[in-house]
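Student: Residues or ranges marked as domain 'Nitrite/Sulfite reductase ferredoxin-like' by TrEMBL: B:53-111, B:350-396. TrEMBL lists B:119-274, B:411-548 with the feature domain 'Nitrite/sulphite reductase 4Fe-4S'.
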Amino acid sequence: MQHLIKDGQTVADDPWTLVEADGGIPDQGPVILPLAYYREQRDEWRASGRTVGVWLNDAEFAEDVVDLLDELELVALHFPKFADGRGFSKARLLRERHNYDGEIRAIGDFLPDQAFYLKRCGVNAFACRNEQEAGTTARLLETFSVRYQADVNARPLFEQR
Amino acid sequence: MYVYDSFDQRVVDERVAQFREQTERYLDGQLAEDEFLPLRLQNGLYVQRHAPMLRIAIPYGLLSSAKLNKLAELTETYDKGYAHFTTRQNVQFNWPALEDVPDILAGLAEVQMHAIQTSGNCIRNTTTDQFAGVLRDEIDDPRPWCELIRQWSTFHPEFAFLPRKFKIAVNGSPSSDRAAVRFHDIGVELNRNEAGELGFRVYVGGGLGRTPLVGQLVREFLPKEHLLTYLDAILRVYNLQGRRDNKFKARIKILVKALGVEEFTRRVEAEWAHLKDGPGTLTEAEIERVARHFVDPDYVELDDADALLEEQKAQHPGFARWLDRNVYLHKRPGYAAVTLSLKKVGYAPGDCTAHQMRASAKLADAYSFGELRVSHEQNLILADVRQDQLLDLWYQAKEYGFATPNIGTLTDVICCPGGDYCALANAKSIPIAESIQARFDDLDYLYDLGDVDLNISGCMNACGHHHIGNIGILGVDKKGEEFYQISLGGDSGLNARVGKIVGPSFKADQVPDVVEKIVQVYVDRRREDEPFIDTVERLGLDPFKERIYATSH
């Protein structure tokens, strides 16, 4: 059971199913597929008309999914360990360089305490490990009211000074 | 000195609230040990041998008397009444209780201080020359650029979970490098192009630790408005491509070495092509806003006091020595920069008691516009002292134990806390420093030897910068026993160089003898006015090895 925070709100009935690299695929409903698998089976999935997203493992980068972004409603970034910060740059590149405007979802081993940074990098959905962490994540999205740097949502602070 | 506006103040206040809440969740069991770890580290909090250790940032080494008085108060309230100034212009409390740390941070925030990103795999405190802004030949003042980097790096959303720690240093002088910029992940040197416009020379991939490497030049001239977007590009390449599988190979220096500097530079420039002229590009207004905080204090129109000082020197030989070693040239006639030595024999290098903090704050108020600096050599500096007040200052500094006239000499030892405090250390370092200081207590001999950098680290993490000491001492563990490896020829300055190991390591009680033998070779073989480091360079290691390892009869 996932505990999803999306755009700052708890989502009780998340329609998406996350498909593991070697996992089974449900017959219906939106699915988040492994990127490599989707690439292999792309024609069939497009023909099926189903709503599809993909997830990137730690060795897959924003450039690896660029040509698919128009057909994906969701891109999930998998955090193998919370200390692995590559997902921050990936999210930012998807939003800022490749202008992706679908859902970017953090999955895996991220911490609620990283949500503030992740949001600034363009992640707008968080698949949390449990209910308590989902609550903490929602609460920590706005930890700081001042942001020095430019990010996906804002210009740098120095323009206001 | 930079003064916070309401935005900056909110950042540190909200940080205190955040850490208080995180500490509560940890004590509550909501945050696991390994999850709390990176959060507390990014607030400078380690768990050490005896107690937690809290590292507090002193951005680019600038302190006011009010800040120092607050540090004194906090060490007395929450610690044992002293603190340790580090080689990266920070200050450490060695004995705080975890539960008290949020209150310590709140106290720091009252005087515009913090412990943000003083540890962890993020961008650390930016460092610079302790004489920044008062040097005679500076290209420009590096401090506004340090502050701009501080703000850019504070809670940078993309670079808080890097493969490894990341250190940036800035130097503004063309004739010296007291910031050791080529031994940092990024070294920034102020520079002017042919048109006279200000910009930066950028080095990447320097560092000490297990694999000491000198930083490589990636850009000869970066126009000033592009500083932050260029840093973004370097950090992004590192964040995405740096190794995360092995913490000993995770620093950016390993990436630069693996790719080669040409390919690394190509990747940075390709990334920067997207970021250049983007929202992070600095505006003239912002550069000026920050620079306004670093204008000269209200200097009095004076002439150099040469005649007076000559007369005072003749009367007080001790003052003459101090003037020679601890007082530095100043850009303004009639002024001087003074180093208060924290290297008194019998005290751990860089340690400072609450009493000494208050005393130095008082001296700063009386003689130097209420400001101080911390040097990477772990001393305190009064940067703007009137030459005609130097004698008064010397008397008072002596009284407080700050006037040891040993700056730049063999006993001005750079030293990490070592095995007495640090959980990482293989060996003790402070007693080694003390034994060397005790051996070389003859000041006349010390002056005759002149400039010798002696640096001691208790393990290969190299907090004591042993690689770049003219004489470097590294604590190593051999089957549970503490030994010390000696290297020669390291140089942290413009001639950036890593020292070479002389041979098998020594026991603690042999170290002063070995240092003495090294020094004897220098005395025997030096040419007139030849500094120690040049003699080592000219002779090579062999004559030193022969003397050190000669069988005693």
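Each residue, glycine too, has its Cβ placed from N, Cα and C.
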Student: Looking at the stretches B:119-274, B:350-396, B:411-548, which one shares the most CB pairs under 8 Å with the domain 'Nitrite/Sulfite reductase ferredoxin-like' (B:53-111)?
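Tutor: Of the candidates B:119-274, B:350-396, B:411-548, B:350-396 scores highest.
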Student: Under DSSP, the domain 'Nitrite/Sulfite reductase ferredoxin-like' (B:53-111) has how many residues in helix, strand and coil?
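Tutor: Grouping H, G, I as helix and E, B as strand yields 30 helix, 15 strand, 14 coil.
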Student: If you average the pLDDT over the domain 'Nitrite/sulphite reductase 4Fe-4S' (B:119-274), what number do you get?
Tutor: 97
Student: In the domain 'Nitrite/sulphite reductase 4Fe-4S' (B:411-548), how many residues does DSSP assign to helix, to strand and to coil?
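Tutor: Tallied per class, the domain 'Nitrite/sulphite reductase 4Fe-4S' (B:411-548) gives 56 helix, 28 strand, 54 coil.
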